[in-house]
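Reviewing the structure listed below.
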Amino acid sequence: MLLSWTISYFRERWRVKRERKQVHQIQAQAQPQHQPLQYSQNAAHSSGKWRRKLLVVLVLAGVFGSFWLFWSMNSNINLLRTEMLANMCDERAHMLQDQFNVSMNHVHALAILVSTFHHGKQPSAIDQKTFAQYTERTAFERPLTSGVAYAVKVLHTDREKFEKHHGWTIKKMDMGDPSSPQEYITEKLDPAPIQDEYAPVTLSQKTVAHIVSIDMMSGEEDRENILRARASGKGVLTSPFPLLKSNHLGVVLTFAVYKTDLPADATPDQRIEATLGYLGASYDVPSLVEKLLYQLASKQTIIVNVYDTTNQSAPINMYGPSETDVGHLHLSKLDFGDPSRRHEMHCRFKQKAPPPWQAIMASAGVFVITLLVGHIFNAAINRISKVEDDYCEMMTLKIRAEAADVAKSQFLATVSHEIRTPMNGVLGMLQMLMDTKLDADQQDFAQTAYASGSDLISLINEVLDQAKIESGRLELEEVDFDLRIVLDNVLSLFTEKSRDKGLELGIYVSDQVPKAIRGDPGRFRQIVTNLVGNSIKFTEKGHILITVHLVEEVNNLIEVGDEVLKQQLELLKEWIDPSYSTLSGFPVVDRWKSWENFKKLGNVIATTEEIDMVRLLITVEDTGAGIPLDAQNRIFMPFMQADSSTSRIHGGTGIGLSISKCLVELMGGEIGFCSKPECGSAFTFTVNLKRGQIQSNLETNQNEIETFLKFQGLKGLVVDGKSIRAQLTRYQLQRLGICVELTADLESACSYASEASQSSANFQVDIVVIEEDGLENRTAIDTRHLLKELRENGRHKPLGKCPKIFLLARSRSAKLDELKSNGYVDEIITKPLRLSTLSKLILGTGTNKYFSKAKSPNLKSLLFGRKILVVDDNKVNRRVAAGALSKYGAEVTCVESGKDAVKMLQPPHAFGACFMDLQMPEMDGFEATKEIRSFESKINEQFKRQNGQSWHTPILAMTADVFQATHEKCMEWGMDGYVAKPFEEEQLYSAVKCFFLPDL
């Protein structure tokens, strides 16, 4: 398999080289515009080379790795086997050594006992019978000993006396064949030869009773053992020797028995002199080791040998079979208390180690896998080489797709310009037409045409916004704005539509939300407008409610301070009657579910950079048709609607929610919804904005201060049976600085007004706002009586002034108009309740400077008498711009090309500003601006040398291209600003005020 793979590899490599050579020859003949394609092909070919080299390296590394794995695993197996043998051998050695030391201590104690009770007592307290019985009973304390005996020290001069006393002759130890029991009949033993000292056994355990009367000094090993024992004062061991009546090798442990008055620091001579006898214990080593191994469960696993290695050249095998080479060998040292003797335990496994099947299988598996992976990789490389033949075509398609994308962006820019340019003329001319004297029908026709054109512009803007989002060129601005005023504008936008459908439309902003916010007010308004527009579109009855809170308020559900939020939470927890708790009395969905999946909702902002961050949570709630369950997962997809019939019944392009979602994400927030068919929907989104500052405008601030001072100290009373609706009315009144109280019905309002009028003037009611629903289910007489009583009870006693009574209604009716005409109410306010309407009615004026949007006087004061140059190659656009500017007193001069503009604006000239189109024949607006700035630079160099003054004409681009890149390009080429076509009066005011306002 490996050989066939190697042959196929080199054959495929030769084929690829040949094909690539042909491809390079073809590419060398290609045109220069295909250089990026050739570069990509060269990169692909080079990548093919290193892939094959990498394949060879990987295969060789795999083969080497398989051998290394076998070596490593086999080494680990051998190491584990060695460690296991060492642990088992050490365990047995420690057990044998510990038990021998215990037995040795008991033998030593017996030697002391003999010294005390045998030699220290007269007469002796120990005889043969007593010694035999005692040693027999205490044999369990010496489990390793086969017998204990005591030999007394007898000098040659005392031998005859000693023999007569005991009635037997001291016998010589016979070292004949130990396997013959008859050899150990003491009567048949020879008397001990004459010597200076004898050590006959006088006391013995029953197991060694046959050695009584035998002289221990007659044996060479025993004599040496006795001499070392009495000189050292410690227990000493003999070398292994055949034990009497046994075929086993054994050793004798000997302790000298001294006089009781021997000092502890006695010298060897003193010890020899004080010696009384010798206590010896014999050890049958094979039997003892066998008993020890029998106690262990793994005794059959290893072979144990015990050696006396005092003579390293000729060690004596005390236990175990002859050693054979079966693999690992481990040596454990044995310490039996005699430093002159050395002992070792040798351990081997009984069986040789089995083959390392695990290592063999693992390494073989790696080897096979390496070959398989190499085969697969080789097939993949061959496949890639085949695909590379089509690479040129794919790259060509890619270049075409990129060109198509560029063409798409250029097409959108061109469409934007080409559509906006005529629309600028249409809307401009319609605006000029509406400023003329028209009858009612003509005015209606013009307004309808203007509204239709505005809708078309809005549709174009949506499509362009979607295009900018897809291309990643949508950017946000950062300016300070009042969130409440932006929402008031949204409310005004949908006022007529909500009235036509009879819907409740309300806005509520928590008092925790700062008044000044820094962000993009236009995009924020676009999000809210899209959501409210959808709610208006799909809601036929009930209400639409817009609420704004801080995210922190929603996170802190334990201590909810906002009344509206608290009521929504109580509705969820306590199941309060929805007819009382919702704005219109219709059931609503659980708005809390619309943000339950937000991931950033619980994040706590604590960094220094984000300490001024304001995280808003905005909810748009409606009681509309709801979203079908099968369509809820695609509503944020562009150009997708819940139902194919939606576009025919309700209209729209289906990209409003998609744009809103992208804008929310650009603002660092999230958007979600909760919807239930036939119940309604709740859309919630969060945005991360910053705390802002109120713009310093002296005239505006002065009007604001004067207006709000008129409301300071006023007391208001809201009469509404629905708590949340009463909170929305209170919110609008409190924005004016009015202190507001709530009551549920007219009877309660009359009682409150009466009590307030009896108190000090600080508690008397100035304004009463009554909800229309409070008059339902009442007779006309009852209603008039209560309204009259309310007015009388609220009369200020010192001044006799009655409170103003306003009636909130969805629409006017004859019944309500009759109440006004008869003086029971001062005014009927048609919902939705707006701040501007409320302030005008309370003050009793038809206009209000602060709340009026009209900037015509300001614009007129800015432009009156100013000379302005308009540059545009389109005649209609020139007429529209000239008409709009001339309307406010500006002296307008129009030219149709960039070259003419350069001539007109060569310093010195009298023009205060220039409105310049960008796309013009011969010389566009960019080139013209560049030429103008070049002339001004030359003049400024002369002026600075003379008097330090400089020349700069404000140039504003009139562009139908709404892309941010175009705006940035305008600034780069030296323009001062831009106005998007079609432009309105507010745009003109914003564009020119920064140049002309300082001169006022």
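Note: Cβ is positioned from N, Cα and C throughout, glycine not excepted.
Residues or ranges marked as domain 'CHASE' by TrEMBL: 122-346. Taken from TrEMBL, the feature domain 'Histidine kinase' applies to 414-691. Per TrEMBL, domain 'Response regulatory' is recorded for 715-846, 867-996. Annotation source TrEMBL lists 4-aspartylphosphate at ASP917. Positions annotated as transmembrane segment by TrEMBL: 54-71.
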Who are the chain neighbours of the transmembrane segment (54-71) in space, where the CB to CB distance is under 8 Å and they lie at least 6 residues beyond its ends?
9, 356, 359-360, 362-364, 366-367, 369-371, 373-374, 377-378, 381
Spatial neighbours, same chain, of ASP917 (4-aspartylphosphate) - Cβ under 8 Å, 6+ residues apart:
VAL871, ASP872, ASP873, ASN874, ASN877, GLY925, ALA957, MET958, THR959
So, do the domain 'Histidine kinase' (414-691) and the domain 'CHASE' (122-346) meet, by the test of 3 or more Cβ pairs under 8 Å (sequence gap 6 or more)?
no
What is the three-state DSSP composition of the domain 'Response regulatory' (867-996), stated as helix, strand and coil residue counts?
62 helix, 24 strand, 44 coil
Tell me the residue counts in helix, strand and coil for the domain 'Response regulatory' (715-846), as DSSP assigns them.
64 helix, 25 strand, 43 coil
